[in-house]
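Shown next, in structure tokens, is the structure this report addresses.
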């Protein structure tokens, strides 16, 4: 795995930016042409990582009015001019042995150091997904429908979602949304399964993710309308029972207070 990160640069290199600006503006090439009243001078420090910190490439770029003039690359181990205007600067930097050694060392002191500091909050960060299942339409058994597996609030984005029907993987009629960024370093996606539920069918959404020790498996069971009605009635009765129990306790508590008076 490889990547590129722009990281914090120490004060020494910012001093170098001022120094190289003065050198550049004092060169004969700069004096022989009109110098704009307003100009932009940029310094960019880039760290390239391969397999974590197994291989680190450090690059610094000096840019004057959107034109790069000088560059240091740890693969070269020295400064080189990108344009003729940058030749005096590259020669000057390479002649400053202490400064050159400092720049060479920054593959470790800047890149590798900041990699370890930032890792727990960036590429090593992991957030477990939340998985739910729902039908797109409330329909009776034996009617075509769409079963949706919602996988939300996970990081990183690498994830595997599969549908199973009665322990057999379903591949036909499976449609997934693209990975959706939530804007807070988490993702979500939806995996839909076209199906015609039969009584007794058990559908399972299986989710595998780096943050999980084992896959998350959420089930949905096909039920007849009468079974659903009985279940809802049972839930409703249980809730009403809790309400009446609570009211009874309140009345009993108040009556006890009245007797004590």
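Glycine too: its Cβ is placed from the backbone N, Cα and C atoms.
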Notebook entry, point to check: Looking at the ranges 221-230, 231-240, 241-250, which is given as region 'Connecting peptide' in Swiss-Prot?
Noted result: 221-230
Checklist line | Euclidean distance between Cα atoms of residue 149 (disulfide bond) and residue 47 (disulfide bond), Å | finding: 39
Notebook entry, point to check: For residue 205 (disulfide bond) and residue 111 (disulfide bond), what Cα-Cα distance in Å is obtained after rounding to a whole number?
Noted result: 41
Next item on the list: Between residue 149 (disulfide bond) and residue 111 (disulfide bond), find the distance joining the two CA atoms and give it rounded to the nearest Å.
Entry: 41
Check: For residue 111 (disulfide bond), which DSSP three-state class applies?
Finding: helix
